Amino acid sequence: MPTVYVNDQPVELKPDERLNCIQAAQKAGVEIPHYCWHPSLSVVASCRMCLVEVGDKKPDGTVAMVPKVVPGCQTPVKDGTVIVTNSPKVQAAQRGTLEYLLLNHPLDCPVCDQAGECGLQDFSFKYGRAYSRLAEPKNQKKDKPYIGDQITLFTDRCIMCTRCVRFTREISGTAELQVVSRGSGEEIDIFPGKPCNNKLAGNVVDLCPVGALCSKDFLYEQRVWWLKGKNSVCAGCSTGCSIRVDQNKDVVYRLKPRSNPLAQGEFMCDEGRFGWKYIHSEHRLKFPMQKLPAGITPVSWPQILPALRQALTEAAKRAPEKLAVVLTPFMTVEEAYLLCKFVKSLSPAARLFMTPAPVVGEDDSYPKDLRGQAAPQPKFTIRAEKAPNRAGVELVLQHFGGAVESLDAVLAQVSQGTLEAVYLTAGSPEGWITEEQAKSLAKAKLVIVQDLLDSPALPWATFMLPGTSWAERDGTFVNHAGLAQAIHRGLRSPGDAWPDGRICFELAGRTGIFHAPTIRQEIAGEIPALAALIVGDLGDEGIFLKSAGETASAAGTESQVPVTGGSRS
Amino acid sequence: MAEELTPISNDDVVWMEEPEMGFWESTFLPAIFSGLKNSLRHVTDFKPVTQQYPEEKPDLPLNYRGVHRLNRDDKGRVKCVACMMCSTACPARCIDIVAEEAPKDDPLWADRDKRPKSFVIDELKCIYCGMCEEACPVDSIELTHIYDLTGMTRQEMKFNKEKLLEVFDKTKDNPRDPIRTHRGVLGPASDFTSLPPVGPATQIPQGDKASKPVSTDVIKQG
């Protein structure tokens, strides 16, 4: 077992583990400050922040140290490597580096969006010195407000770590950004007329360790220390990027990708990053409504749920084979399970459907080459399947004996009269039903719509249940590769809307409160395909429903590309 | 038991006897006359001590903390850079700021990045602690000597940016509320060019100054 010594603390490595000093120190719980190094990008060792003393422990026990400090990011460790991160020599180097990085850095922390999560602030506080010896005026470069549609550059704040440049070259492959000029004139810039607008462009803002690259969407909206984050999963496509929802006072301000090697790696795409605006749409449904003889009336939850349960029970008694529940790939596993279980308990003859996930274009893999073709080994994939949980709902559906049917096919059955009562769940941010399609609901005796946004189906609904967006729910999403990840409720819903899990839970007449980990364990006991959920708490990274070998077949039920895509390679 | 409970050991306790009363003292007459003398002095004192408020305004101490004002810089713009330090520091959470990007094409705002779109202080929620004043990096928010703040509605007591700038215009010529600083923008670190370079130019010796305050010479000159 190779052993590395970090500040005299032995760290065991796996035999095939190839780490640099920063990663080895991370294993020991020791932080080596760094700016330019990033686990997903190539090593340039240009910021000099990670300077450490490195040595070699000989078999006879003597230690031979390298006589100077070396960049930790560029120095691989092997058995017997000794890393010292806190000697006076290293501390002097860190202070010197920070003083140098701060020479031309403006002191505009109060107006800088990065303040509070800024690498320069943190490391200056921990490793820097209290004063600058620069007596000359600072080198102030002109801001570049248009780097891309979503990106602005405060040139003078940049410390030239070139993470953004390497990202566009190595991960997106589009290479819009580069360093222009040399020496103290160095600046990040785009080629004239070629803005950084690729679908992964938003990541350069996250990568920027200082406040140089800022997101125009978030610019000056909030101070970061006011944001409260909850771990969640992006609902934009079936890649299921691990993210954090940052909100304050129930208003989402931004989504940030979390590092998750099992799901997507370190990044997320701009479609997901900026595609959450519908959460605060004015078309959100806020109150449960019921069609009464007097017209469509807002009703409270304690009134509508028993009425709905009775209506469903009657429909199941009258003609159980004409009662149908239509699931969507936008629901969580828990919601699908609770609803299916409830309807099947009313009558085993009741029918279950799921509308297929919307597919837009084709899977979009990065990095791109010069001609815009994806590289053979993609590092990031934006899936064409624009729904977060097709795989998870499908597994529930298979267990309860349902079928994947298009909405048109279900509605055709309604107009033929083979279905009389339909429970439609939606939650798609795009419209899921057209005016024309909605007209065929006129024939149904009982229409229940559980949705997030206003839709043409509502005038035909006997019961309208306001659900919530994914950011306001607890539950489980299963991505294209069969990775089950937990989503957490990050903010409260507007009006009297309830998280869909709670609606399904209370509709089923269960007592207690909806608690996703408990339901997960119940599901694991009942559905063999979801047995892996038995742990209840899925952790930050989630768990695969099947072991690695079986995963590909689980993902391949629809013409999906094999698993390797999203994760960091 | 009691000895164990008492926090003072018995060795530290000195027991004292009250002094014996003399003959005159035991008649209580000297005490009565001294009290009467005191009363008589006040009865015959015709100098008034009551301040005739509101005809007469009180002379408040210079560090009195009253209604806030938002200062203007020398170009007449609001000094505030919308950094929200004041609303972060505020223990009563009475400051609500919405920031916006300063218009780049307007020459008046060309040198500024960020400015407040709205700036509202709820004067009723405020506890007038002065933390906002302390936190402000550009000396924009200040507490004035205005203490007699009244209003007919709660809404009226929510001071917005315009109202707070009005307070500045009203108070800036009052010697009790002087414009204390002209620093309107965030200074670059080279503000310190007036100080001699501190510390050695190259080698960092043992006991580096980074962990200590700058040398006494610098403080004298600053």
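Even glycines carry a Cβ here, placed using N, Cα and C.
Going by TrEMBL, these are the annotated features:
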type	residues	note
BINDING	B:Cys80, B:Cys83, B:Cys86, B:Cys136	[4Fe-4S] cluster 1 binding site
BINDING	B:Cys90, B:Cys126, B:Cys129, B:Cys132	[4Fe-4S] cluster 2 binding site
DOMAIN	B:68-100	domain '4Fe-4S ferredoxin-type'
DOMAIN	B:117-146	domain '4Fe-4S ferredoxin-type'
REGION	B:172-222	region 'Disordered'
B:Cys136 ([4Fe-4S] cluster 1 binding site) to B:Cys90 ([4Fe-4S] cluster 2 binding site) - Cα separation in whole Å: 11
Cβ-based isolation winner (fewest other Cβ atoms within 10 Å) among the binding-site residues B:Cys80, B:Cys126, B:Cys129, B:Cys132, B:Cys136: B:Cys129
Chain A, Cβ under 8 Å: which of the binding-site residues B:Cys83, B:Cys126, B:Cys129, B:Cys132 qualify: B:Cys83
Among B:Cys83, B:Cys86, B:Cys90, the one of these binding-site residues whose Cβ has the fewest neighbouring Cβ atoms within 10 Å: B:Cys90
Candidates B:Cys80, B:Cys83, B:Cys86 (binding-site residues) - the one closest to B:Cys132 ([4Fe-4S] cluster 2 binding site) by CA: B:Cys86
For B:Cys126 ([4Fe-4S] cluster 2 binding site): DSSP state (helix, strand, coil): coil
Rounded Cα-Cα span from B:Cys129 ([4Fe-4S] cluster 2 binding site) to B:Cys80 ([4Fe-4S] cluster 1 binding site), Å: 19
Euclidean distance between Cα atoms of B:Cys126 ([4Fe-4S] cluster 2 binding site) and B:Cys86 ([4Fe-4S] cluster 1 binding site), Å: 12
For the domain '4Fe-4S ferredoxin-type' (B:68-100), mean pLDDT (0 to 100): 92
Helix, strand or coil at B:Cys86 ([4Fe-4S] cluster 1 binding site) [DSSP, three-state]: helix
DSSP helix/strand/coil residue counts for the domain '4Fe-4S ferredoxin-type' (B:117-146): 5 helix, 9 strand, 16 coil
B:Cys80 ([4Fe-4S] cluster 1 binding site) in three-state DSSP notation: coil
Whole-number Å value for how far B:Cys83 ([4Fe-4S] cluster 1 binding site) lies from B:Cys126 ([4Fe-4S] cluster 2 binding site) (Cα to Cα): 19
